[in-house]
Amino acid sequence: MASEEQLLAIKKAKVLMVGAGGIGCELLKTLALSGFQDIHIIDMDTIEVSNLNRQFLFRQSHVGQSKAKVAREAVLRFRPHISITPYHANVKDPEFNVDFFKQFNVVLNGLDNLDARRHVNRLCLAANVPLVESGTTGFLGQVTVHIKGKTECYECQPKPAPKTYPVCTITSTPSKFVHCIVWAKDLLFAKLFGDKNQANDLNVRSGDATGSSEHAEDFFERREDEDFEQYGRRIYDHVFGYNIEVALSNEETWKNRNKPKPIYSRDVLTGEFVQQNGNLDKNSHIDDPSTVSAMASLGLKNPQDIWSLVENTRIFLESLKLFLGKREKEIGNLIFDKDDQLAVEFVTAAANIRAASFGIPMQSLFEAKGIAGNIVHAVATTNAIIAGLIVIEAIKVLQSDTNNYRMTFCLEHPSKKMLLMPVEPFEPNKSCYVCSETPLLLEVNTHRSKLRDFVEKIVKAKLGMNLPLIMHGSTLLYEVGDDLDEDMVANYSSNLEKVLAELPSPVTGGTVLTVEDLQQELTCNINIKHREEFDEEKEPDGMLLSGWVQSPQMKKVNHKQVDNEDSTSIVSQPVHVETEDVNETEIVVSTGTKRKSSEISSTSSIASAASVGTRSNQKPEEINDDDDDDLVILDGHSDTLKKKRLQ
């Protein structure tokens with residue numbers, strides 16, 4: 001039973017929930033049943049059919065409606081006297097600023113992406129509001145507590161770069177089905193249906209002159225005299241036939257590899273199959289073009305069947321035909337979405353045909369969708385456990401029970417008959433650029449790199465700023481905002497195209513840039529170091545950001561216990577999946593690595609008994625996902641961290 005002090009703290013609390021998905025549904029229910037009276041929820045998503053198996057506040061009739069609003073209505077049916085305020089909006093919208101966050105006693109995160117988590121972390125720091133973080137994937141999950149000045153913030157330990165695949169592997173020498181998926185999704189699909197202005201090299205890296213010629217660029221455009229079938233077969237023959245033959249012409253590549261087999265449509269489809277291949281009329285009764293399906297058109301029903309090469313070829317041609325015939329207005333703006341049935345069908349078929357060419361086992365649409373969407377299927381029980389742990393930590397925060405804060409991890413397999421592993425929170429990292437304002441170091445060729453490169457590759461991609469302001473001394477070099485006049489916008493746009501050394505206030509070696517995000521109330525100083533050359537394979541950005549490191553004590557532990565895991569002490573260091581060299585471009589697939597801790601609290605009755613991996617004192621995988629939309633983004637820290645007891 002809760003004490004009177006706890007009940008009073010609960011009733012008086014004003015709580016902000018961010019996310020109303022897998023964890024969010026369970027969390028809102030648990031908060032309401034625990035006695036919380038004033039709850040606010042932010043979620044920008046609408047309900048999808050795939051949510052219904054675990055987000056229990058939603059029903060079939062709610063599909064397409066706001067998650068935050070429907071969740072409120074569902075809970076008020078059994079707790080009608082409490083106040084629940086929903087916001088169907090993005091937490092990064094300007095209305096959710098520092099002043100908005102200051103009104104709450106605690107913020108509870110149930111998000112599914114790194115960018116939004118970083119944003120909320122910074123707003124909580126600026127508003128000095130406690131944050132309880134959480135994440136689940138499958139049977140794994142965790143809850144962490146972040147209090148300004150007392151525990152590490154969410155960004156105190158650098159997050160590793162997502163897994164990357166060398167482009168030469170993707171375009172020339174795939175050896176795994178995931179390579180074929182990345183090729184089909186990020187190269188072929190993007191080339192045919194995405195932004196035509198984006199650089200995209202589908203042609204294999206060879207000495208063939210047409211590989212990067214203007215002819216090759218125009219090849220993917222449909223000709224005026226072509227019908228859908230002719231265009232589809234021409235594309236098919238080019239990417240699965242001609243390009244493979246070009247690759248085979250480089251004999252050096254295949255000395256120690258199995259040679260691929262060129263595949264042409266004429267060798268796969270007989271005249272009979274061509275006549276049978278789909279019919280646009282079968283989808284003519286569908287009002288919403290986004291719901292058309294090549295499987296339905298061809299009479300294929302089971303997504304767990306592995307299609308034959310003939311079936312994959314027919315799906316490839318039919319899905320291309322449907323995009324051109326039913327969704328022509330979207331072409332040029334499409335981005336792959338795992339919930340887009342036709343897109344998944346196209347990518348599955350293309351990946352399977354490529355896999356067949358390279359002797360890689362083909363997969364079902366069900367498996368291909370999982371790989372393309374980075375899906376780990378959600379477990380509702382894990383969400384319920386994590387939601388309960390969030391509420392437990394929130395109550396401790398409301399009572400300022402600092403000594404009993406815990407980061408708690410939900411394990412897949414019991415250790416000493418225990419599935420939950422609590423760990424005392426870490427102290428703030430003195431090297432954290434977010435909560436300790438430690439300056440960073442950027443190595444860059446100031447005579448070649450443009451301000452645009454700095455903004456896109458460093459300020460937005462690495463530092464996660466949304467509305468950046470960049471200053472050199474008292475000179476404002478770049479700013480974003482709705483209140484800028486036309487002259488200012490033109491001036492900043494002009495600056496973006498200038499190399500750093502030629503800006504109105506030149507940025508050279510020894511310069512200190514101040515980067516600020518007014519919405520997040522975050523300021524960061526970056527020391528510039530001029531560097532002439534960069535390794536195009538290992539440093540494709542042409543710049544290197546560092547200084548975001550772990551404390552010396554943590555480093556000492558790392559040297560002793562890390563084993564074979566890669567260090568993530570440098571912000572821009574990529575984490576590679578394989579041993580192949582990285583080429584000029586990297587295709588990124590979201591995933592993560594493990595974070596571990598040492599010296600788990602002896603005061604916890606079960607922490608010392610927990611055993612994960614090969615050591616009994618390792619922290620399990622830290623999850624950065626609430627299962628919503630089945631997107632897996634693991635918050636991995638591959639370095640071992642030394643726990644420090646909070647004073």
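The backbone N, Cα and C atoms fix where each Cβ goes, and this holds for glycine too.
Annotations in TrEMBL come from automatic prediction, not curation.
TrEMBL lists C168 with the feature active site, glycyl thioester intermediate. Positions annotated as ATP binding site by TrEMBL: 19-24, D43, 51-54, K67, 112-117. Residues annotated as Zn(2+) binding site in TrEMBL: C153, C156, C432, C435. Residues or ranges marked as compositional bias 'Low complexity' in TrEMBL: 599-611. Marked as compositional bias 'Acidic residues' by TrEMBL: 623-632. The feature domain 'THIF-type NAD/FAD binding fold' is assigned by TrEMBL to 3-433. As annotated by TrEMBL, domain 'Ubiquitin-activating enzyme SCCH' applies to 327-369. Here TrEMBL flags 590-647 as region 'Disordered'.
Taking the centroid of the Cβ atoms of C153, C156, C432, C435 as the Zn(2+) site, the other same-chain residues with Cβ within 8 Å of it are L125, E152, Y154, E155, P428, N429, V434, S436. Of all the recorded positions listed (C153, C156, C168, C432, C435), C168 has the fewest other CB atoms within 10 A of its CB. In the structure as shown, the Cβ atom of N53 (ATP binding site) sits within 10 Å of 10 other Cβ atoms. Of the listed binding-site residues, namely D43, D112, D115, the sparsest Cβ surroundings within 10 Å are found at D115. DSSP places the residues of the domain 'Ubiquitin-activating enzyme SCCH' (327-369) in helix, strand and coil in these numbers: 25 helix, 0 strand, 18 coil. Per Cα geometry, C435 is the residue among the recorded positions C168, C432, C435 nearest to D43 (ATP binding site).
The list of residues near the domain 'Ubiquitin-activating enzyme SCCH' (327-369) in space but at least 6 beyond its ends in sequence, with Cβ under 8 angstroms from a Cβ of it, reads 48, 50, 174-177, 179-181, 183-186, 188-190, 192-196, 236, 239-240, 244, 258, 260-263, 289-295, 303-307, 309, 312-313, 315-316, 319-320, 375, 629-630. Note: the CA-CA distance between C432 (Zn(2+) binding site) and D115 (ATP binding site) rounds to 17 Å.
The predicted model assigns the domain 'Ubiquitin-activating enzyme SCCH' (327-369) a mean pLDDT of 93. C435 (Zn(2+) binding site) sits 17 Å from D115 (ATP binding site), taking the CA atoms of both as reference points. Of C153, C156, C168, all annotated as recorded positions, the residue with the shortest Cα distance to G22 (ATP binding site) is C153.
In space, D115 is the closest of the binding-site residues N53, D112, D115, C156 to the residue listed as 'active site, glycyl thioester intermediate', judged by Cα positions.
Packing around G22 (ATP binding site) is summarised by its Cβ count: 30 other Cβ atoms lie within 10 angstroms of its Cβ, all protein chains included.
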